[in-house]
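Trainee: Have a look at the structure that comes next, please.
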Amino acid sequence: MKPSHKSCEAAPLLPKMPETSTHNAPLNLSFPSVPSYQIGCSSLPEISRSTERALKEGKLPELVYGVKETVATLSQIPVSIFVTGDSGNGMSSFINALRIIGHEEDASAPTGVVRTTQTRAEYSSSHFPNVVLWDLPGLGATAQTVENYIEEMKFSTCDLFIIVASEQFSSNHVKLAKIIQSMGKRFYVIWTKLDRDLSTSVLSEVRLIQNIQENIRENLQKEGVKEVPIFLVSNLDPLLHDFPELRNTLQTDLSNIRCCEPLKTLYVIYEKIIGDKVANWNQIIANGRLKSSLGVRDDDDMGECLKRYRLIFGIDDESLQQIAHGMGTVVMEYKANIKSQDFHTLRRADWKLRLMTCTTVNALFCLFKFLPCLCHCFKRMRHKRMLLLVAKDTKNILKKILMDAVSPPQI
């Protein structure tokens, strides 16, 4: 078997990619707040245009396939992970355990009681496609400062960091965490030798784990480091303790790092398309062309008009069923995100529409039929409100499609 790693002297990992300033900004799509990058993929513009066309035409089931294709393309983007910490903390052993390979295998990272990692070395894993795991030389073996270490190891080229610790959470670990946080990067703290701690401690397993976690948090909080994921593992047991949770968290964060910014951009485009569509229909309503444009016999029949609006925007029952099928889930996952399933449900959910259609207003509406201008004004208000609510539901469905494409719902 050919080794899947190679040593290098701090060569650049990837072409330097510009970071966005959205790390601390609220995310419209409610993705976890992780650093994200504007990474170019030649096929993405055409895929994006196809989804935009589908949205303009109210064909959301077609949009689903374009979004899934977008996420599949983004998933091929390489991501670099730096594994760092003090010398002797078991960083190389951790990399082998994370990849679920034995130390004796050709592709494994060299391990030993003496310092084995002298230069940066990169590794790959079938469990994390298109991910480069970088095993960095341990910090603290020389008089080198943390700042010089970070510069020499090219921290600015990394997407996600793993700070490895064992026995004690040192000042070097805290400095690393503080600097990485100031860079706006995502990172975890991994305690790697839990098996040894459990075998030597007089405390119960629950109490020992609690003590380790509290100690790490206290040291970080003293230096103003915000809440960070902490995982306690044993390098000897790659399937036990927090390893499964770590791998799941890592998979989620990898998806967010790759997809978050492009999908946020796509959602902004979708919002504009919906806004333009609402403006166009508001003009139709204002011009008194609603009946012919909607294709209804009676534009005072709010229930029938609602069905037409839902069809125009692509969130009618049949479309929702097709969307759910395309996303591999049940239709109720999507119906639960809308209020416009029928007119009575929508009316109950929105007090303004309820007021516009209450008995008193309906009686006035009948009287105003003898005053065409006032009658038209009331009708326009009702339809504009209902149109706005359908547009809002459409945005909710689009948001869910984008989120589910990255993290499919569990059914």
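Cβ atoms here come from the backbone N, Cα and C positions, even for glycine.
Below are the features listed in Swiss-Prot for this protein:
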{"type": "REGION", "residues": "1-21", "note": "region 'Disordered'"}
{"type": "DOMAIN", "residues": "77-253", "note": "domain 'IRG-type G'"}
{"type": "BINDING", "residues": "86-93, 111-115, 193-195, 234-236", "note": "GTP binding site"}
{"type": "MOD_RES", "residues": "Ser204", "note": "phosphoserine"}
{"type": "CROSSLNK", "residues": "Lys272", "note": "ubiquitin cross-link"}
{"type": "REGION", "residues": "352-376", "note": "region 'Alpha-K amphipathic helix'"}
Trainee: Quick check on the recorded positions: of Asn89, Ser92, Ser204, whose CB has the lowest count of neighbouring CB atoms inside 10 Å?
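Mentor: Taking Asn89, Ser92, Ser204 as the recorded positions, the minimal 10 Å Cβ count falls on Ser204.
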Trainee: For each of the binding-site residues (Asp86, Asp195), count the other CB atoms lying within 10 A of its CB, then report the residue with the highest count.
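Mentor: Answer returned by the neighbour count: Asp86.
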Trainee: For Lys272 (ubiquitin cross-link), what residues in its own chain, 6 or more apart in sequence, show a Cβ-Cβ distance under 8 Å?
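Mentor: Same-chain residues close to Lys272 (ubiquitin cross-link) (Cβ under 8 Å, separated by 6 or more): none.
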Trainee: Return the count of C-beta atoms lying within 10 angstroms of the C-beta of Leu236 (GTP binding site), excluding that atom itself.
Mentor: 14
Trainee: Roughly how many Å lie between the Cα atoms of Ser204 (phosphoserine) and Ser92 (GTP binding site), rounded to a whole value?
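Mentor: The separation of the Cα atoms works out to 29 Å.
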